[in-house]
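S.K.: If you scroll down you'll find the structure; I have some questions about it.
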There are 2 protein chains.
Amino acid sequence: MIEEKGILFILSGPSGVGKGTVRKALFEQDTNLKYSISMTTRSKREGERDGVDYFFRTHDEFKEMIQQRKLLEYAEYVGNYYGTPKQYVEKMIEDGHDVFLEIEVQGAMQVKENFPQGVFIFLIPPSLEELKNRIQDRGTESEDLISSRLEEARNEIEMMDAYDYVVVNDDVMNAVSKVQSIVQGEHCKKERVIKQYKSLLEVEKE
Amino acid sequence: MIEEKGILFILSGPSGVGKGTVRKALFEQDTNLKYSISMTTRSKREGERDGVDYFFRTHDEFKEMIQQRKLLEYAEYVGNYYGTPKQYVEKMIEDGHDVFLEIEVQGAMQVKENFPQGVFIFLIPPSLEELKNRIQDRGTESEDLISSRLEEARNEIEMMDAYDYVVVNDDVMNAVSKVQSIVQGEHCKKERVIKQYKSLLEVEKE
């Protein structure tokens, strides 16, 4: 049996850009993506299920996962650990599912180190678009405001350099449509299709 | 004024794969793409307009275009020349339009040489899909048939190597949706977005 492998998509971006909103809207549309389930040391809340909402682990278990480098990324937040188990993601991908991870910029950089074959999408606020308009209609804003906007833009450009795609979150459904296109387009990339068929021909030769 | 540049998309693939059908269905859906108008030496037919259906030129004019390397590709077909004028495509792209060119494999390879920054999409027949199924259910086909299918697949793989994307034409609307995703995804590529914003910041520095 030759199966097409899945792809890990990572959606990240500056805090407050609307990553969670885009992710929710995306999952209301698209059922082929599997949302990556996080591992955490925080207590299970009423109604939460292990392996569905989170993988619930003790502090010791989590620390062992860190030491054994079994996490694609992790962070501590108000005394608890949160992370993405590598084996779970790899299993899903091997089984042909696309996995979707929505995460802060720091975490995305950890994933980039541990799973560089992922597809990294940077969500940016429409301020860059606004900036563009502002520069185009020069003279309508103060020098100071323009220079602070440019500084912001420079920082964002530096951050986006580590990513494969940049999506402007001007409108949630626009952003969702772009992410969906990126997912479908990535599956059509020659490298992926060739790999698939080459392995097909290899199998037959055996 | 900073304008986002357009992209040249080239749809090609083996003869008989359904390039024309996919292109027609795509243009019924999507109005942002501009279809590349060909130049030809053949006579204008009733109802055809210069600059709309074709750019109509004399043999001498066409040969001069060839000599001056002003064509992205050209071919001779039953005594007439057909080709894609470079300047026309470049002007459209400069003006921010995506240009779409549907063309035979030989022509696509000429475009690749003269315009490597284009995005090359290879349309393949679903036979590779069928091949996959056939190999998966081994024993249902004769050795000869399998080996001739594999030979075909190997040739197709060699051809697709020059392309950026591969789309299986299993169903016209599926293929159209994939091409649309490739178009939208390409516009989200980090390299393009960064370039755009870097030029924005450069302009402001002046």
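Every residue gets a Cβ built from N, Cα and C, even glycine.
I grabbed these lines from TrEMBL:
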BINDING   A:Gly13, A:Pro14, A:Ser15, A:Gly16, A:Val17, A:Gly18, A:Lys19, A:Gly20  ATP binding site
DOMAIN    A:6-184  domain 'Guanylate kinase-like'
S.K.: Near A:Gly16 (ATP binding site), which residues of its chain come within a Cβ-Cβ distance under 8 Å, counting only those 6 or more away in sequence?
M.R.: A:Pro125
S.K.: How does the model score the domain 'Guanylate kinase-like' (A:6-184) in terms of mean pLDDT?
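M.R.: PLDDT averaged over the stretch: 90.
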S.K.: For the binding-site residues listed here, A:Gly13, A:Pro14, A:Gly18, A:Gly20, which shows the highest count of neighbouring CB atoms within 10 A?
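M.R.: Sorting the candidates by Cβ neighbours within 10 Å, the top entry is A:Gly13.
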S.K.: Cβ within 8 Å of the ATP site's Cβ centroid: which residues qualify beyond A:Gly13, A:Pro14, A:Ser15, A:Gly16, A:Val17, A:Gly18, A:Lys19, A:Gly20?
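M.R.: Going along the sequence, the neighbours appear as A:Leu123, A:Pro125, A:Asn169.
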S.K.: For A:Gly16 (ATP binding site), which DSSP three-state class applies?
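M.R.: Looking at the DSSP assignment, A:Gly16 (ATP binding site) belongs to neither helix nor strand, so coil.
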S.K.: Looking at Cβ-Cβ distances, which residues of the chain lie under 8 angstroms from A:Ser15 (ATP binding site) while being 6 or more apart from it?
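M.R.: Looking at Cβ-Cβ distances below 8 Å from A:Ser15 (ATP binding site), excluding near sequence neighbours, one finds A:Glu104, A:Val105.
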S.K.: Other than its own, how many Cβ atoms are within 10 Å of the Cβ belonging to A:Val17 (ATP binding site)?
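M.R.: Around the Cβ of A:Val17 (ATP binding site), 23 other Cβ atoms lie within 10 Å.
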S.K.: Under 8 Å Cβ to Cβ from A:Lys19 (ATP binding site), same chain, six or more residues apart: give me those in sequence order, or none if nothing qualifies.
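M.R.: Residues satisfying the criterion: A:Leu11, A:Ser12, A:Gly13, A:Glu102, A:Ile103, A:Leu123.
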